[in-house]
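Structure record follows, encoded as structure tokens.
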Amino acid sequence: MAASELYTKFARVWIPDPEEVWKSAELLKDYKPGDKVLLLHLEEGKDLEYRLDPKTKELPHLRNPDILVGENDLTALSYLHEPAVLHNLRVRFIDSKLIYTYCGIVLVAINPYEQLPIYGEDIINAYSGQNMGDMDPHIFAVAEEAYKQMARDERNQSIIVSGESGAGKTVSAKYAMRYFATVSGSASEANVEEKVLASNPIMESIGNAKTTRNDNSSRFGKYIEIGFDKRYRIIGANMRTYLLEKSRVVFQAEEERNYHIFYQLCASAKLPEFKMLRLGNANDFNYTKQGGSPMIEGVDDAKEMAHTRQACTLLGISESYQMGIFRILAGILHLGNVGFTSRDADSCTIPPKHEPLCIFCDLMGVDYEEMCHWLCHRKLATATETYIKPISKLQATNARDALAKHIYAKLFNWIVDHVNQALHSAVKQHSFIGVLDIYGFETFEVNSFEQFCINYANEKLQQQFNMHVFKLEQEEYMKEQIPWTLIDFYDNQPCINLIESKLGILDLLDEECKMPKGTDDTWAQKLYNTHLNKCTLFEKPRLSNKAFIIQHFADKVEYQCEGFLEKNKDTVFEEQIKVLKSSKFKMLPELFQDDEKAISPTSATSSGRTLLTRAPAKPTKGRPGQMAKEHKKTVGHQFRNSLHLLMETLNATTPHYVRCIKPNDFKFPFTFDEKRAVQQLRACGVLETIRISAAGFPSRWTYQEFFSRYRVLMKQKDVLSDRKQTCKNVLEKLILDKDKYQFGKTKIFFRAGQVAYLEKLRADKLRAACIRIQKTIRGWLLRKKYLRMRKAAITVQRYVRGYQARCYAKFLRRTKAATIIQKYWRMYVVRRRYKIRRAATIVLQSYLRGFLARNRYRKILREHKAVIIQKWVRGWLARTHYKRSMHAIIYLQCCFRRMMAKRELKKLKIEARSVERYKKLHIGMENKIMQLQRKVDEQNKDYKCLMEKLTNLEGIYNSETEKLRSDLERLQLSEEEAKVATGRVLSLQEEIAKLRKDLEQTRSEKKYIEEHADRYKQETEQLVSNLKEENTLLKQEKESLNHRIVEQAKEMTETMEKKLVEETKQLELDLNDERLRYQNLLNEFSRLEERYDDLKEEMTLMVHVPKPGHKRTDSTHSSNESEYTFSSEIAEMEDIPLRTEEPTEKKVPLDMSLFLKLQKRVTELEQEKQVMQDELDRKEEQVLRSKAKEEERPQIRGAELEYESLKRQELESENKKLKNELNELRKALSEKSAPEVTAPGAPAYRVLMEQLTSVSEELDVRKEEVLILRSQLVSQKEAIQPKNTMTDSTILLEDVQKMKDKGEIAQAYIGLKETNRLLESQLQSQKRSHENEAEALRGEIQSLKEENNRQQQLLAQNLQLPPEARIEASLQHEITRLTNENLDLMEQLEKQDKTVRKLKKQLKVFAKKIGELEVGQMENISPGQIIDEPIRPVNIPRKEKDFQGMLEYKKEDEQKLVKNLILELKPRGVAVNLIPGLPAYILFMCVRHADYLNDDQKVRSLLTSTINSIKKVLKKRGDDFETVSFWLSNTCRFLHCLKQYSGEEGFMKHNTSRQNEHCLTNFDLAEYRQVLSDLAIQIYQQLVRVLENILQPMIVSGMLEHETIQGVSGVKPTGLRKRTSSIADEGTYTLDSILRQLNSFHSVMCQHGMDPELIKQVVKQMFYIVGAITLNNLLLRKDMCSWSKGMQIRYNVSQLEEWLRDKNLMNSGAKETLEPLIQAAQLLQVKKKTDDDAEAICSMCNALTTAQIVKVLNLYTPVNEFEERVSVSFIRTIQMRLRDRKDSPQLLMDAKHIFPVTFPFNPSSLALETIQIPASLGLGFISRV
């Protein structure tokens, strides 16, 4: 399509602006061909009419889509032009804080003027081995590309760093060299890479200075060649320097400084060794005070001086030479203070004994008079004679300055020579990488000879750059078989010819210098005559005859001719040089030797080139003609030669370009000045690169990338199986002009703007799709909203209508109710009025009737009373009369009857004496007897009848009879009781009066007792109330104290719990750190050991003829022998007599012992940490339980709580003490420089043992103390509880009064007496109990008071004491008691141990006896019985019970055993066919037999051979995962066997009785357990390295680049640096590849029988590697930081978690290691706009550091136009919220970090006697025992 078609409404363009260079605007209407004006809308809101140029009619530059802004590569931009480049750089620099950007093959580096954390070793490791396009732009990526191409193409490389002063050239070159030094390492032990880096401080001190643009500006150019051997390790380096700015030595502009070294000397003048230099402040010297700025902010010159001296020492410059350098530099400073006095216009003198000159002569060792003379005179030589001529003061000053510059230049060259000599290597150089740090294009208001040379060099470099870019473009087109069309690019060869060709500017300058009277003016005229109007690039200023203008590639520059000749000649008086050569100071003449002698052989490169500089060397020896010839070599000539040599070197290498940009002139951090940036971009060739790219086909896509990106523009029928044909068909439809694109072999090439057009089509298609989706969704939403509104309206109507109906019904009800109320109210009123009237009438009637009735009643009552009175009076009178009459009659009757009775008595007395009387009496008796006899007869008859009846009914009524008998007996008893009762009635009747009297007496006594009880009760209640009041007061006081103490206790408990948690975490971290440090030391030891073996092998190879009869074993064997064997009778030790002569052999055991002791200490620390952890868990549980109990139960006494709070304080102080002791322990362990420090008895060892002992004792005591406290509190609670044992003191006796008969009264009386006695006894007991209780309460109150006072005094005293004394005072008595208890417990423990040992011995004796009895029983069985019994096959294997689980071998078969079982064993066969850990079991069974034989030498020889053989196998096949896993599993199993059968109780808990019989009996192999543990750690670390090497190539591709969810991630346009495709091609890794590899690792480890806990640790380490590498690459790749990539990462992480769940490894801690990656993925997906989003991000990303969060937000890049970038204000908000977070400033995770490994004890249930040895192992020479 035509370009004009893109200028539609809303299209954005760039227009020129005088302030901002380019300004963005938006079209308000479509452009039509022929329009002269464009209507634009600026971003600031203004409308503008932009007029097109009527001649060119060029439209303004189009702006790129927003998704392309901020790209890593400028060539990825669709529109390639100056404003696009400038805007992209500004966005990356200001918004994203990214200082590096690719521009094709060029790396653009913008100086941030701020230290950035992007140059650490972790960043270097992240870029190492990566493709240049796979990572974000970085200087390390360029260095890695150069290093990789050197190794791949076998071609030398160059990195060309250019830019103007202050742009950061030196820093970039320094980081590139640092990268090479870190990645490659050195080939020798001389640490060449350190020396290469050490050359930077020296060269900066003597070649860098402060300028107005840069505080550390390089005032010379340098080219450093870093040499590599065939293995691409650094072997040496060589440095060339160009055009040192010597004029700075004698002159500095305002706000500038001289070279740093002078100020460093002045700052260190007070050092003792510098006193002889007689230096002072920098302001005291003419050469250092001219700029007026002797100090640089943030730079300490004294410290920099120390760094410089340290670097000199590292490079082999001795102290004497260093002092010589400083003497010369100090002499230059003093020379600058030499003053001249004018005699006349043509002569001058120096004052006599001039102090500065005297000091100069003393320091230089020259004659004062001679130097004084030649400073004021010069020698002139003619053809016939030579004469001496005085010079003027101005000439003398110039000569002095020239001498100072010459001395400094010679010293500079001498230092460079010695640096090269130190960096030279005797090993042949295979290849090199050159780093060129050279000045950029310069143009100032006044430009002189220096700017001319600099711009000349940049012209040459720009020509080389253009040719290289052009060549690369041509190669790319030819490779893709694209028709090549010649691209017009700027060729600056005419400008170079103008400068360096015959009769060029340099030729004319040299020619003018040879003329005796040549001046700058005559030279200028020659230039005008030669080039003006003949060369278009040469011009003459209109208003000047002493200047000329050259049209350079970057800009026009006007040069002032003044000073050109003098600077080109660089004249210095030869006589002054001769004086210096005659110096007694030996170093000074060395500076002025011939070039051939001055340059050391070591400074030459492999090609024979030597160091070339610009300063002319004036020889002191040789022929005069030769001397004159040397003098004719001008500075321009030297510079041209050295520049040609440099260009030859660069053309012979593959160049890599770094262009440094200075963003502003004020050194403000992250401030971008568009004007200055554009100037530098034009000058450094970046825009030329863009122009060359834009002239051809700058945008290039692979077919797969194009298809993935623009699939949305294709219809389903357009998609074919052939991606290439599909892309062709689609492009032919989308872009009609075929010249706008070309189809290459693997790529599609687009012209500038076409990708933007395709992006516009894609965005339009997606926008249309979005609109359709939005239309549908909005319609659906509005429909749903309408339905909801309609439903809501109907509901509202229903409820409103219902409400209205209810209101109407309510109205009707109210109306009816009102009517009813009115009716009833009216009725009520009438009825009330009626009732009132009726009541009044009734009242009146009642009062009236009552009045009448009362009157009538009173009348009747009076009458009735009168009748009664009459009745009683009449009755009294009648009775009185009757009584008198009756009394008289009775008296008369009595008298008569007495008389008659007396008479009758006399008659009876007479009759009684006669017989007749008796007869009369008997007559009646006989009758009675007869009657009785008849009755008896009748009764007999009746009896007979009854007897018959009874006989008949006897059988029937037996039961009745028995019942009647029982009733009869009861009746008889009742009869007897009745008789007794009848008898008692009489006695009771007699006693009634008596009882009544007793009753009255008892009542009186009871009343007295009740009164006494009431009085006593009142007294007791009064006493109790008093006690309660006192107790209440005490309780209130106690509650106040409790409240205060509880609050303090809560605060202290919370504080203590927090501190306990923090200290526990800190202890765990410290323990892990210690373990990690130890394992790192072990790893380093292993590396050194392998290095030692390699060196020995190399020595063996160097000695071609070994001695016969001698054989070699590896060093690990000898080292282990010397450390862990007690005898030296091993054959291998005797076979190597040369071993004792090796000095390094003696050091290995020392290191090994150190590691062994450290390992023991780490183990002990682990145990103690576990004990402490258990104790802390118990204490936390106790605290929780105590809190629960305190909530349920009443508060305990204040004194006890106070005591508990003191205990808590003591615990807290003890924690602090433990922490301090742990710090002392760390310090003691850190001082491990010598092995003696960690030996038993050493300070560190003693400190360790003391701390561990104290910790164990204190932790054992804490639980007992807490239990004692709780028991005391419970007992006090029970003592305070109120006693409710009182009974009532009175008994009611009301029932006694209700009894009516005598029996009840008697029983009541008896009960009353018993009740009284009981009551009295209860009262007495209650009285005694109350008295005892009152006494106890008084005593308890008194003791509480005393205890309270004592505790308060103790608390007051403790609060006055310091914490240490407080703890000692409170725990002193406890410590004494606990010490005694501990001693008793130790004695009991010893007794129990003795008892256990005795019982074990008895058990063994009994076991032997039982075995003998069983054997005897077997012998007693007769042969016949044996024959008769059937032979069962099951009984045959019972003979294996006789095996003791041991294997016997001969000592001479040891090597064969080790060879067959370790060295030549194939892990795969063992893992598949045999039991896991079989080699470990076999080796242990052999060790058991040696232990059984008590053969010390055999045991140690076997163990040593085993360890050495395992190391040898791992060294040989250490990159095979299966081998390493197999031997890690077997080493751990061997270690577990040594523990399980060691006889220690801790390891025998899970053993069977048979396994306990197999324990080792003679040797303690704890030392070898330690060695095996160390070996297992080494194997584990090697296993991790193997895992990492296998996984690392898969991780980035599988976790980041591969699209697991196809179609989610969009592919953005890329530039020249193509990134790895995210589409899964053949050979690329996917997530399934990672999962398959993890499955493979897991299955292999399980087959080898690795401990489950160890498998978990390996899996955790694997997942950490995956997470760390993925996150590091994410943080270094801008293209990966998008929403869709976050979704991909989260999906991939979920797959890894699913794998963990399938393998039951979720509790391994592996998931937690992925937490930073998960949070980074979430960070890519969450909203990033508001403050709430910022708060959510800060709370969510707790596993990420602040630097990582900010980096991800800065790198976040939208893939589609619908996503938004993260605003700068939001990132600042995040930074403000996270500023208080204390985390590491490190950006990347340490992917090389290895978690400390532990080997938990895992006993085996396998019985040793059941193990069978397969014949496939070839161990037939060993036998089972």
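Each position is counted from 1, following the chain as shown.
Here the Cβ of each residue, glycine as well, is placed from N, Cα and C on the backbone.
These figures come from a predicted structure and were not determined experimentally.
For the ranges 528-550, 643-665, 689-711, 896-918, the feature annotated in TrEMBL as region 'Actin-binding' maps to 643-665. Taking a C-beta cut-off of under 8 Å and a sequence gap of six or more, Thr170 (ATP binding site) has these contacts in its own chain: Glu204, Asn208, Asn216, Ser218, Asp437. The number of other CB atoms found within 10 A of the CB of Ala167 (ATP binding site), across every protein chain shown, is 26. Sparsest Cβ environment among the binding-site residues Gly163, Gly166, Gly168 (other Cβ atoms counted within 10 Å): Gly166. Sequence-distant contacts of Ser165 (ATP binding site), defined as residues of its own chain at least six apart whose C-beta falls under 8 angstroms from its C-beta, comprise Thr211, Arg213, Asn214, Ser217, Ser218, Tyr439, Gly440, Glu442, Lys662. Cβ neighbour count within 10 Å across all protein chains ranks Lys169 highest among the binding-site residues Glu164, Lys169. This prediction places the mean pLDDT of the domain 'Dilute' (1504-1780) at 86. The residues near the ATP site, meaning same-chain residues not in Gly163, Glu164, Ser165, Gly166, Ala167, Gly168, Lys169, Thr170 whose C-beta sits within 8 angstroms of the mean position of the site's C-beta atoms, are Asn111, Asn214, Ser217, Ser218, Gly440, Cys660, Lys662, in sequence order.
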